[in-house]
Amino acid sequence: MNVAAPDLAPETATPFVLDSAPEIALVGCPNSGKTALFNVLTGARQKVANYAGVTVERKEGAFVTPAGRSVKILDLPGTYSLRGRSPDEAVTRDVVLGRLDGEAIPDAVICVADATNLRLVLRLVLELKSVGRPMILALNMVDIVERLGGRVDPERLSQELGIPVVTTVAVRKGGADDLIAAVDRLDFGRRVDVHGWSEPTGDEIRAAHAEAARILQACAFHPGDEKLTRRLDRVLLHPVAGLAILFAILFLVFQAVFTWAAPAMDLIKAGAGLVGDTLRIALPDGILRSLLVDGVVAGVGSVLVFLPQILILFLFIILLEDFGYMARAAFLMDRLMAGTGLHGRAFIPLLSSFACAIPGVMAARVIENRRDRLATILVAPLMTCSARLPVYTLVISAFVPDRTVLGGMGLQGLVMFALFSAGIGSALVVAFVLKKLVWREAPEPFLMELPDYKWPRPWNVALGLWQRAEVFLRRAGTIILALMVLIWFLSSWPAPPEGAVGPAIDWSIAGRVGHWLTPLFAPIGFNWQIVVALIPGMAAREVAVGALATVYALSATGEEVGQALQPILAAEWSLPTALSLLAWFVFAPQCASTLAVVKRETNSWAWPAVMFGYMATLAYLAAFLTFHIATWALT
Ligand SMILES: Nc1nc2c(ncn2[C@@H]2O[C@H](COP(=O)(O)OP(=O)(O)OP(=O)(O)O)[C@@H](O)[C@H]2O)c(=O)[nH]1
Ligand SMILES: [Mg+2]
């Protein structure tokens, strides 16, 4: 289905290269800059970030060298060895060894090395040589080696390894020129039998280890670890101070999402109001006016308003990712998560799920153990995805007063923080139940390389934000628009009979379905308008907001016509209903695209069914309890 991948960067186009063009695979340790190089070579915009395990899929691109040679190029997940066990490492192994169905072995390999950290990659190079393909070693990040006063000798390395060695700076313009020139000199005809690679024995591994150490000694000099990284880590990884800083950062993010975004949101809201009013005056009363004003402007406009919040959330995520903090956060959370049975590696997939559960579920490929991975996939959608943000904001701004408490903290931001925490907390509880009570498994030890801190690069940040905005706007212009038109239609057709009283929507299909389902949702305090909005919300959660806008716009009579959604809700809903809806959305049954991805990643319909079932149950229970406790407390 097309809605299935709203958060993935567009596939790279390869329009000008023939199928017969030779294929080169980018292989290397995690976080060495493979994707950054891939982007430079092909002009693609695949995700680059400063932690291991960003790329979990095979991506294809192409370029033409200055000599006019067309080549296809593959970006692959990082791996330390062809013996890797996790699903992402298996992708790399299978591509390099030609084990993938219908796919030949790559014609050549570019091994990408983080030049500041050569020890592990030299072993990988030795292993890759036994595959028997022409190979180039790209010493990437030489800019950092130079800045630290280190030295790497590419000529000597080339002699020792018997393959061409070039230096690159993947994040600099022209930083891959030497690599491109080396590709031009490659002799693709030099085929060697690939079945030369086999699982190495312990002795072979030890021998390779010693050989790598010897070569490293001869060819590279590093003045020790970067001091900045060490110094910062003493504070940021501190068991107490580090955790305190992590929570302070998270808290700051939600405050910022609320306060910084407000002016821009008001502007968009005013703009949408203006467009709606203009259309209402300019067009004669009728179907077209209703479609444009009540369906498109009210519906899509009410979703667009949230763009600033989503961009601010992503600004923080991208900055932290580029800086190299994410892996640290995983490290800090490991002890806490181990208590619940989740693997330390689950942290980054869970964190990615704040954007959207889809990349989060895919990022779980870095987890080797199948049950650890399943547990992570099953709880990932409990993380508050950005599509839930509009629902939260709408309800919070209508019902939570905008004042400060506890000496300067915004109450609205605090409630938002509480909702996100409820998502995280419930994920930990569900994982605990699964891993400790159902599967009774101890988590496996957690090994992860911590990247050196790097200053976020403004261009990368800007590009990342631009991509998010693009994804959001594309969604608003396609699926959300389409659903809004559908909802408008279902809410306006059929028209009421002659002489009917009350709002016309009561006679429409949506109105009838809403009324019909209401008994099911009355125990949790939902009215029929909410019920109508929940259904399209399963396709894309933020549509629930647009649907409410349309449903209330079409129910409006007299005074209320053209009024903004927020004051309508504040007047129409009771506080327990509002709280119950928030509780519902913490667990909100999965959107269709997440279920589709879970099906793909687990290769079975059973797991998406389990996920849907348990989340729907939790959502109903949580909303039920919230509604009744709130009703009781307020009377
Ligand atoms: N200073 C500097 N930074 C670089 C260079 N190449 C990559 N980076 C940064 O290194 C980090 C990792 O880059 P990626 O391209 O995501 O690495 P990758 O090898 O694709 O990582 P995985 O997909 O996780 O295996 C990012 O923060 C990049 O901006 C370089 O030549 N110089
Ligand atoms: Mg990558």
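Placed from the backbone N, Cα and C atoms, the Cβ positions cover glycine too.
From a predicted model like this one, the values you see are computed outputs, not experimental measurements.
These come from TrEMBL:
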| type | residues | note |
| --- | --- | --- |
| DOMAIN | 21-189 | domain 'FeoB-type G' |
| TRANSMEM | 235-261 | transmembrane segment |
| TRANSMEM | 295-320 | transmembrane segment |
| TRANSMEM | 346-367 | transmembrane segment |
| TRANSMEM | 374-399 | transmembrane segment |
| TRANSMEM | 411-434 | transmembrane segment |
| TRANSMEM | 476-496 | transmembrane segment |
| TRANSMEM | 516-535 | transmembrane segment |
| TRANSMEM | 610-634 | transmembrane segment |
Return the stretch with the most CB pairs under 8 A relative to the transmembrane segment (346-367), choosing among 235-261, 411-434, 516-535, 610-634.
411-434
Would you call the transmembrane segment (235-261) and the transmembrane segment (610-634) in contact, using three or more Cβ pairs under 8 Å, pairs 6 or more apart in sequence?
no
Determine which residues of the chain contact the transmembrane segment (610-634) at the Cβ level, with the cut-off under 8 Å and only residues 6 or more beyond its ends counted.
377-378, 381-382, 426, 430, 523-526, 574-577, 579-590, 595, 598
Do you know the mean pLDDT across the domain 'FeoB-type G' (21-189)?
92
